[in-house]
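As recorded in Swiss-Prot:
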- 1-32: topological domain 'Cytoplasmic' (TOPO_DOM)
- 33-53: transmembrane segment (TRANSMEM)
- 54-506: topological domain 'Lumenal' (TOPO_DOM)
- Asn133: N-linked glycosylation site (CARBOHYD)
- Asn258: N-linked glycosylation site (CARBOHYD)
- Cys284-Cys326: disulfide bond (DISULFID)
- Cys287: active site (ACT_SITE)
- Cys319-Cys359: disulfide bond (DISULFID)
- Cys344-Cys364: disulfide bond (DISULFID)
- Cys413-Cys495: disulfide bond (DISULFID)
- Asn418: N-linked glycosylation site (CARBOHYD)
- His419: active site (ACT_SITE)
- Asn470: active site (ACT_SITE)
Amino acid sequence: MSDNIGQINFTIPGIQSLDENDTYLKINHKKTIKICAYAITAIALFFIGGVFFKNQAKINALDAIDEAVLMNKEIAHLREILNKYKATINEDDEFVYQAYDNKNGDSENQLLLMLHKLLKNNANKVNTFDVNNESNKNIDPTYIFRQKLESMQDNIKYASKFFKYMKENNKKYENMDEQLQRFENFKIRYMKTQKHNEMVGKNGLTYVQKVNQYSDFSKEEFDNYFKKLLSVPMDLKSKYIVPLKKHLANTNLISVDNKSKDFPDSRDYRSKFNFLPPKDQGNCGSCWAFAAIGNFEYLYVHTRHEMPISFSEQQMVDCSTENYGCDGGNPFYAFLYMINNGVCLGDEYPYKGHEDFFCLNYRCSLLGRVHFIGDVKPNELIMALNYVGPVTIAVGASEDFVLYSGGVFDGECNPELNHSVLLVGYGQVKKSLAFEDSHSNVDSNLIKKYKENIKGDDDDDIIYYWIVRNSWGPNWGEGGYIRIKRNKAGDDGFCGVGSDVFFPIY
């Protein structure tokens, strides 16, 4: 053996080669051990994780089943309450029986889901059932819901009315949370109208209220919708404005000192021969455009002796750059635009309810231009209506104003001028006949209540009023119009009427 060993030739390169091979084998051996360890660990983790997630999935599934069972129990209780409510339903609530045609299904299922969400939200706010209390462990988990069901009749009543309101006003909401918030806004307004209408005829109240397309607005949305009227600098007024009496004297209609005592007791331009049905500005703050275009439409028809024709409010929104589009404006600047450009037909430049990036008036035929802008003082309104016709005015629109449904408005007004409308007439009526106007569609029961409430008063007292055309569609107010209280001379400035009055001169 020693002889064999002695015969081996141990060169330096050979020794180095053996060392390298040995090192390589050791490294590979360690790698193999690590790989095996990692593989075993991964397999173990995978197995453990699979077992865990499988068990967790089972737990979640069981929780989901429990939650679904709980929700079904709660909705079953709600359905019982709803059925009891249906037994005492009146004509106003018949909508509960009708199908609510939208993607979410029929009215009853939608109503139940909304009531369930509402009830759950209320339960979270005032939780009288402590589930962590040992003494409550064996109590039915629907206890807290049944505890609050006694008060659900009112919610069912208001919710059924809200669903009817949604359908009538084509309301669609993003999700149930928004729908519940809109419901709360609606309920506040609905209760306000009911309380107001109970008092109609008392304390001088001569108008009734009703929920409408704005009744689901929040207070912030109300404030954003009504923008302060843009002011007009004196240099523009002096350049373009012609005072009413000067205009009438120039056209030989009257002498400059003509007095209002010569005028009739009433003047009404609401006839179909003067106007198309009132239009709807939608959620765009473009009342100034509708007032100005409405004024121009009357002037165009009256001057040319034609039937009513619709002109473009959208052109004013897009092209009258002195105004702020859907963020407010002033009819004066719309008339100023008409002086320099002309007006498009409504069919050629239709209303969109929002401001476009570009003015597209090159696409339409520009018809008659305005040459000057007339100005009316507060004590000249009756004179203006008799000699030149309708005029644009500004009012201080308030929540009372928005909820107006019929009668002669004498409610609270906003001290700030924030809404442009068209003054189309004036009149007077005995107090007992305040709701007998042919344009009024007030419920006969409210008229009866009004007459009962004014008993003992001097029902022969005369109520004087303005007739105003709004831009909230024909379903608002009295066919799209509102009658606003005034004094006999028409110069009291109630609700801002008379503070900012213009008309176009053709």
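Just so you know, glycine gets a Cβ as well, placed from its N, Cα and C.
Structure coloured by features recorded in Swiss-Prot.
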residue: Cys284; record: disulfide bond; CB count, 10 Å: 21
residue: Cys319; record: disulfide bond; CB count, 10 Å: 20
residue: Cys326; record: disulfide bond; CB count, 10 Å: 20
residue: Cys344; record: disulfide bond; CB count, 10 Å: 24
residue: Cys359; record: disulfide bond; CB count, 10 Å: 16
residue: Cys364; record: disulfide bond; CB count, 10 Å: 17
residue: Cys413; record: disulfide bond; CB count, 10 Å: 20
residue: Asn418; record: N-linked glycosylation site; CB count, 10 Å: 23
residue: Asn470; record: active site; CB count, 10 Å: 29
residue: Cys495; record: disulfide bond; CB count, 10 Å: 30
Candidates Cys287, His419, Asn470 (active-site residues) - the one closest to Cys413 (disulfide bond) by CA: His419
Intrachain C-beta neighbours of Cys287 (active site), sequence separation six or more, cut-off 8 angstroms: Gln281, His419, Ser420, Val421, Ser471
Integer Å distance between the CA atoms belonging to Cys326 (disulfide bond) and Cys344 (disulfide bond): 19
Rounded Cα-Cα span from Cys326 (disulfide bond) to Cys364 (disulfide bond), Å: 22
The topological domain 'Lumenal' (54-506) [mean pLDDT, rounded to integer]: 82
Cα within 10 Å of Cys284 (disulfide bond) - qualifying recorded positions among Cys319, Asn418, Cys495: none
Cys319 (disulfide bond) versus Cys326 (disulfide bond) - Cα distance in angstrom: 12
Alpha-carbon spacing, Cys359 (disulfide bond) to Asn418 (N-linked glycosylation site), which is rounded to whole Å: 25
Distance [Cα-Cα, Å, rounded] between Asn470 (active site) and Asn418 (N-linked glycosylation site): 13
